[in-house]
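One structure is given here, and the rest of the page talks about it.
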C-alpha cells in the first residue's frame, strides 16, 4: 500500500514542477518571437536595427570579423553555439593606441564596432569627444588621405651666380669675328689664350675711421694649373659718395699706390707694382699685371694681395681715393683674371661631366633628366618634325641648339642658343667634288655601287668645323670664358 502512495506523490510533485515551468515560460512575452537572424541575449529592437555582417571580412591589424568568426572555435561536434559566447568579446587595446571605452548605449556600441573609418576621416566628419578617444595630435596625423604622396622637401639650391660685367663685356668683344672695340689690355693674352677664368674678391675692409691697407683674397683652388699664360688684377676706383672725403690728396700732390703680396709666416711681402694715382673725375679700373708673382703662387689654394697708398711717406686713406669696398655690387668688386691655353683640345663633354658626376653613366643620367624637364616645352614649340628626304645627297642641314631648352641655362651664361648645323644625305657614286671625298671613300663608294650587300656606303660627315666661345659657370662657381673647338659644321663630305 505504501508503494502506490509514494508513486502517486512523486507523480503529483513532477506535475507541479512542470506546471510551474509552463507558467514561467508563458510569462515571457518575447519568447519564441525572435526575429530570424537575431542573436540570443538581444531584444527585438536591437535585432532589427543591428545590420548583419559579412563573413570573413578582413580588417587592418590581421583580425577577421564576421558572423560566427569568433564563435567558430567554440562550436562543438553538434554545430551548436552557446549564447554566452555570441556576445561581442572585449578586445585588448593595440600597442601604442588609446583604449576606447564603450558608450552608454548598446545600440551605439554595436554600430561603432562595425563602422570602418578610413584613415584621416572621422565618422560624420567630426572628432570624437568621448573620454579615452585618440588625442588631437594623433587625429591631425591621420588627415592625409591614403595614397597621397608626401610633400617633397625642396632641395637646397645655392644662390645664383651673378657674372661680372667685365666678363660679359669680354665675351662680347672676343666672340665678335671682327674683334672690334673692347679692352686692349687683354688683347695679347686673349689672342693666345682660349680660356679666361675670373675670380671675385672675397676680402673685407676693416671697420674704422680710415682704411690704410686693403687685402684682396681670391680662392684659386679649382684653377687648372696647366697652360697658363698670364694673370692680372682689376680694381675699380669709384668716386666717394661722401663729398667730405676728397678724391685726391689734400696737399694737391699725387699719391703713390703700392701693390704687394701678403706676408705669411717666414715669407715676406713682395712688391708687385708702384704707380701714381691721378685725380678721379669718375669711375675707372686700375689694372695690375701680376703674372711674375702668380707663376710662383699658382699651386697655392689662395691668393692674397695687399694694396696701400702713400703721400710724402705717410699712409693715405684708401676710401678717399675711391677704393672703398663697402656695399659694392658684384660687378664693382675686384676681379682676378687668369689666361690660359690648353695644349689638347678640350671637350665640352668634360665640363658636363664635372658638373654631373665622375662616370659616364652619371653624365648620361644627368643629360636625360634635363631632357625630361624640357620635353614638354620642346614638343609645344617644335611641333611635328618634317620627314627626311632619303634620296637627298650629302649636304649641310640646319641644327639649332638651345641650351635653355636643354636645361643648361643655370650654368651657361652665353650664348643661350646657336646654329650648329649637321650633315645628312646619301653618298652615292659618282661622288661630287664639293663633298671632298678621300681616295678610300671613292673606292668604298664604287664597291658599294657594284655590290651593296658586301660593302656599306660611305657616310655623310663634317669635314670642316669651327669653334665658338662660351661663357659659363664652372663647377667651382667661377665665371669662365672658353673657346671650344669643333662646335659648328662648316662643310660636309663623304668619308
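Even glycines carry a Cβ here, placed using N, Cα and C.
Feature list (source: Swiss-Prot):
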COMPBIAS  124-137  compositional bias 'Low complexity'
COMPBIAS  142-156  compositional bias 'Basic and acidic residues'
DISULFID  394-460  disulfide bond
DISULFID  423-492  disulfide bond
DISULFID  427-494  disulfide bond
CARBOHYD  183  N-linked glycosylation site
REGION    30-162  region 'Disordered'
SIGNAL    1-27  signal peptide
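Locations of recorded Swiss-Prot features on the structure.
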residue: 394; record: disulfide bond; Cβ within 10 Å: 24
residue: 423; record: disulfide bond; Cβ within 10 Å: 21
residue: 427; record: disulfide bond; Cβ within 10 Å: 23
residue: 460; record: disulfide bond; Cβ within 10 Å: 23
residue: 492; record: disulfide bond; Cβ within 10 Å: 25
residue: 494; record: disulfide bond; Cβ within 10 Å: 26
- Task: Give the helix, strand or coil assignment DSSP yields for residue 492 (disulfide bond).
- Result: strand
- Query: What is the interatomic distance between the Cα atoms of residue 394 (disulfide bond) and residue 492 (disulfide bond), given in whole Å?
  - Reply: 7
- Query: What does DSSP call residue 423 (disulfide bond) in the simple three-state scheme?
  - Reply: strand
- Query: Just the number: how many Å between the Cα atoms of residue 460 (disulfide bond) and residue 492 (disulfide bond)?
  - Reply: 7
- Measure from the CA atom of residue 427 (disulfide bond) to the CA atom of residue 492 (disulfide bond) and give the result in Å, rounded to a whole number. 11
- Task: Please report how many Å separate the Cα atom of residue 494 (disulfide bond) from that of residue 423 (disulfide bond), as a whole number.
- Result: 10
- Item | Three-class DSSP secondary structure - residue 460 (disulfide bond) | strand
